[in-house]
Every structure is written in C-alpha cells, then in structure tokens.
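Contents: one structure, followed by commentary.
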Amino acid sequence: MGEEKPEPLDFVKDFQEYLSQQTQHVNMISGSVIGVKDSDDLQGELAQNGLEHPAVDMSLEDSSGMLVDGFERTYDGKLKCRYCNYATRGTARLIEHIRIHTGEKPHRCHLCPFASAYERHLEAHMRSHTGEKPYKCELCSFRCSDRSNLSHHRRRRHKLLPMKGARSALSHRKMLSVLQKRGNSLGYGRRLLINLSPPSMVLQKPSSEQHHLGDFTHDLPPHAHLHQEAYNGLGKDPQAIGGAIGSGSREDQDMALDNPLNQLSTLAGQLASIPSEAEGAPVSPGAESLPDEKPTFLVQQPVTAPAAVSVNTAQASSPITPEPRPAAHSGCSPGVGPCSERTSTPSGTNSQPGTPTPVQDPQMLHHCPHCHIYFPDNILYTIHMGCHGYENPFQCNICGHRCRNSYDFACHFARGQHK
C-alpha cells in the first residue's frame, strides 16, 4: 500500500525521450541535416506546429537529386513523386497527383457534399446545379455539360470515330498513288475488277429513254456527274474535259485521274442496278418498245490518254439492226491479247434527216460480244475477256460458276466472292 503508482505525465515524457533518441539515430545513419539540431529544439518545433515536416535533403554532388519546393527532380529535370515513380514538369500537376496518395479533396461544392481533388471536376459538377450545357453536338440537338459525354454521344449515336479530316485526305492520296503504281500489273487489274466496289460508270442509252436517265443520275455519287459532263463534251470541244474537271473539287480531280484499271472495276457493280432482260425498260408513251435493243456501256479512259470518240445511238423511233456477231469467241484465249473483232456501233438504216451521224473510230474501241461493252484500251479488254470461260462465255473463268446471261454474269462479280 506504500508503493506509489507512476503518474501519466511521467509516462508521456519517457515516451517522448524514446522518440527523440530514435529520431537522432535515424538522422545519423541517413546523414540528414536535421541531425545537427538539438533534440530539445526539435521537440519545441513539433509542439508548436503539431506536425512533423519531412526532411529537406540537399545533395550538392548530384544535381539530379536536388529538391525544389520540397520535390525531388529527376535527371531530365522533371519533378518526381515521393510516393511512386510518377514524374512531371509541372508543379500543379504533381500536387494533384500527390492527392491521390494522401486522399485530400480540397475542392468542395457549397451546395452538396461533393468533393474532388481536381478543380476541373468541381467545375463540371457545378454545371449540374446551374444547368449549363456548353457542349453541343454539331449533327443533332444534343447538349451536355461534359466533353466526355459529348464524345460518347458521337460514338454511340452517330458512329463517329475521332479521326481528323486532314489525315483521312492524306491517306486517300497515299492509297491512290499506291494503286497507280500497281496498276501496270495485269494480275492486279483483275483483282481490282473482282474486289473493288464501283464508284461510277458512264452510261449511254437510246434517245427514247433519255428522260429516264435524269432519274438514274440522281442516284450516282457526286463525282459521277463530273465524268458524265466530261464525256458529253468530247465530240464538241477538245477542251471540254479539262473545263469539266477543273470546275470540280480536288477530290473529284483525283478520282478523274484514276488508273483505267480502277475504272474497269466499276463496271460489274453498276450492271446490277440496271433492269434484267426479262424486265421491260420504261419507255415514253409516244415511242416504240424495242425488245432487242440493249444499252451501250463505255468504260472511260483517263484524262491524260487520248480522248475517246463519243458513241451516239440513233433515235428510238428508228429501229437499229446490229451486225451479226459470233455467240462465243471460239478463236480467243482468256489470257492472250486482243482476239475479238474491232467493230463500230451500227447506225440506223432509216434514221430521220435531223439525226446526227455517229462519229467513231474502230481502232479505238474493243467490243465484248457477250456483255455488249466497249473498251478504249487493249489492256482493259484483255482483263475483261479473261473473266469469261472458253467453252461457255457466261461461265466464270475463276471459280467455274455458270451464269444464265450477261446480267447474271455481272452480278456474280459484283458480289465480290473472289478474294
């Protein structure tokens, strides 16, 4: 009963002395500058501030380890985080990053319990209270308060990817140059005919169906009208092509200067949009229906090549008697050069006096007797004839598929089944 229990104050003093001894021991090992200070002075500073500030190490030998504003710099001058390997050049960014480790959220909303470590997050949150929506979609009336929501809306609603227009135009020109370099290869031209989707085609119909051609041209792409305008001016003015192409945009000029092999690939797909032989073509009330008459297709030649002679058909009121042609090219080989007769478009026998006489050069055109297509180039003609079978002209020479007629044969290649 005579023993006295130690007072709590004595226990706190003993624990503080123990902490001071451990602190001095650590400072001696690390060579810190704080070791020069007395333990009493250190305890006084801790008592006044209530916080233990980290030591500021100054290394004069290694400049990469110097501390600026309490942050260590790396060898390339960036500020390094003391908790991880993150480094940045901006002090404000590093302070925001350190708040991830410390959990500090100094930016608080005065209307609700929301708090954030980033000021920009608080600004976006305040728009939910004010109702402000500064970000608007340029394709619809959608508005939002955050830019990330607008990006999500564009991807989900309009299927738009974050791609710049300048880069897409550059990649288009690069792809065009590659196609022009590879266009000299015969095998590559065949692959273009089979695989590429057609952008446009020049179409020539009888005069009885000219009023229906206007409805067909509305469905063509914009650059198809450029080709049509250049083709119509061939027989009138040699400079018509240059003026027609010069009036278009830069992208239209690139399409007009494309390789002729690329233009050949446009033929198969456009044939699919033309009615089959079983369906009667629409005619005007005052014109006669010609069941044996077929439209004539012409594959355009590039602008740099000599201008092709325009092919004009007689008016629908005058019947057309085509010259007899063999049903199959018996003397032709699919892989050999020109082997079909070079013919010209027949003119009407009893045409009206005001009808212009067709002007054409048989040496410029190569005719396919099966598909009724005229080619201004021997290479284009050879590639096309190589797709026909030897025994059966409507049998695919690549996969052996048998087609019923020229329409079915063109649709077979338009499906793009050959890889």
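Placed from the backbone N, Cα and C atoms, the Cβ positions cover glycine too.
Here is what Swiss-Prot records for this protein:
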ZN_FING   79-101  zinc finger
ZN_FING   107-129  zinc finger
ZN_FING   135-158  zinc finger
REGION    203-255  region 'Disordered'
COMPBIAS  208-228  compositional bias 'Basic and acidic residues'
COMPBIAS  310-320  compositional bias 'Polar residues'
REGION    310-360  region 'Disordered'
COMPBIAS  341-360  compositional bias 'Polar residues'
ZN_FING   366-388  zinc finger
ZN_FING   394-418  zinc finger
Helix-strand-coil residue split for the zinc finger (79-101), DSSP-based
11 helix, 4 strand, 8 coil
DSSP assigns the residues of the zinc finger (366-388) as 8 helix, 7 strand, 8 coil
DSSP says what for the zinc finger (394-418): how many helix, strand, coil residues?
9 helix, 3 strand, 13 coil
